[in-house]
């Protein structure tokens, strides 16, 4: 179990600060929730049984919300799928859904629970926010009736959406977000387009998206670049994948790369590798939690800056390829070999010596590493790897990755496979790459899945370097680039109304064109 602590003195300080009207910082909370799951069934349960299960989960969330408020938290994020779990069909999830209105309707469900039909879950969540004077983000399912004569309307007459809601300190619904990038969620529909949802508070502007959304330009990058949000609220049901995509590793890197606060609440389910929540700032993690040993939930709190981009403590813009494109490449090793991380083919070269300078390239991406180990463990092998291309089985997202990583064994065929422990410490490392994208996320992961706050930094010229001498034993040091403009076209793992419409139009036009050719 990995947990960084939250000192009570911070809560006291924040309360005093708020009393004198300062809004430069606030206390945030996230809760990692071990979801009480429904019994496995292929037939829908009754609406009453669905509500009973959701209330069991809300009972647990209520305790966390009250504890967070008592410690001075102004806002709390709870996880994706926290009320009922994740394994459903369209039919079996339906009893759990409510009609969630647009926040423009000016609604406090706690005071008017029947205004939009049967909405007991929304009413209870609203009351929890109101009674504890805290902003609450929760994830639940939204259902929207549609006209059966509309070709995009599903057979049951409803669009169904994976949805985040936010209630303010008065219990008012202030934000609603429908997840766009679904991941193996046949129970839900894909919205017509990515929604760009923000809301303002006395302690900053907030944006919202969910889980798999974080890998794409919309909505996340647009919220930061065009809507200038200070903090992202991020509920997720994240399954950890070593070596590059553990929750705490990638989420802390995203916050640093984008220059915003990221409040992450993950579900907790060890058998599915679901754990890893945190409160991340642009200069590193404030608090995080990773626990693969217990089935317990965890409340995390930390003070964060309300407007991190305006703080002098945070770095200025990085030119990610400035250093790598101006230096003379280090000697490219003759023994470069091919290996895989998940399904992605990397070019690797081994770190044979205790210290050195290495370059490994793949197509247009060259990765440069300077390093010095304190002592090279004989039973551990490290490699420098490069990958540029469309990622994974779906081949949707274009990645550019430079990574220093420990191989699972001394057999080079195991390089890129998951490994959780290491003994080798590095006195110095400097990693850079000839990235074609400005969106690069710096990752450092230590033995037993620890982060390394305050032990590394990104220089303005794009180098990821260690600070203050040696680090803990290293699992990975990576620069994870996303080249969004090279992504392939796709539809998410749900039902996209617009995608179906465009496909039908395209087929119709092709038929007309062929008919015209035949007539000629």
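Here the Cβ of each residue, glycine as well, is placed from N, Cα and C on the backbone.
Annotated features, as they stand in Swiss-Prot:
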type	residues	note
SIGNAL	1-22	signal peptide
DOMAIN	31-306	domain 'CN hydrolase'
CARBOHYD	39	N-linked glycosylation site
ACT_SITE	80	active site, proton acceptor
ACT_SITE	179	active site, proton donor
ACT_SITE	211	active site, nucleophile
CARBOHYD	273	N-linked glycosylation site
CARBOHYD	347	N-linked glycosylation site
CARBOHYD	357	N-linked glycosylation site
CARBOHYD	411	N-linked glycosylation site
CARBOHYD	468	N-linked glycosylation site
LIPID	493	GPI-anchor amidated cysteine
Select the closest residue to residue 468 (N-linked glycosylation site) from the following recorded positions, measuring between CA atoms: 39, 211, 273, 347, 357.
357
Going by C-alpha distance, which of the recorded positions 39, 211, 273, 347, 411 is nearest to residue 80 (active site, proton acceptor)?
211
Of the recorded positions listed as 179, 211, 273, 357, 411, the one whose CA lies nearest the CA of residue 39 (N-linked glycosylation site):
273
If you skip the near sequence neighbours and keep only those at least six away, which residues in the chain come within under 8 angstroms of residue 357 (N-linked glycosylation site), Cβ to Cβ?
330, 331, 368, 369, 370
Can you tell me how far the Cα of residue 347 (N-linked glycosylation site) sits from the Cα of residue 411 (N-linked glycosylation site), in Å?
16
Using a 10 Å cut-off on Cβ-Cβ distances across all protein chains shown, tell me which of the glycosylation sites (39, 273, 347, 468) has the largest neighbour count.
347
Residue 411 (N-linked glycosylation site) and residue 273 (N-linked glycosylation site), distance between Cα atoms, whole Å:
26
What is the interatomic distance between the Cα atoms of residue 211 (active site, nucleophile) and residue 179 (active site, proton donor), given in whole Å?
8
Mean pLDDT for the domain 'CN hydrolase' (31-306), rounded to an integer?
98
If one measures from the C-alpha of residue 179 (active site, proton donor) to the C-alpha of residue 411 (N-linked glycosylation site), what distance in angstrom results, rounded to a whole number?
42
Near residue 411 (N-linked glycosylation site), which residues of its own chain have a C-beta under 8 A away, given they sit six or more steps off in sequence?
none
Collapsed DSSP category at residue 357 (N-linked glycosylation site):
strand
Give me the count of other Cβ atoms within 10 A of the Cβ belonging to residue 211 (active site, nucleophile).
25
Need the DSSP three-state call for the residue listed as 'active site, nucleophile' to compare against my parser.
helix
Among the active-site residues listed here, 80, 179, whose Cβ has the fewest other Cβ atoms inside 10 Å?
80
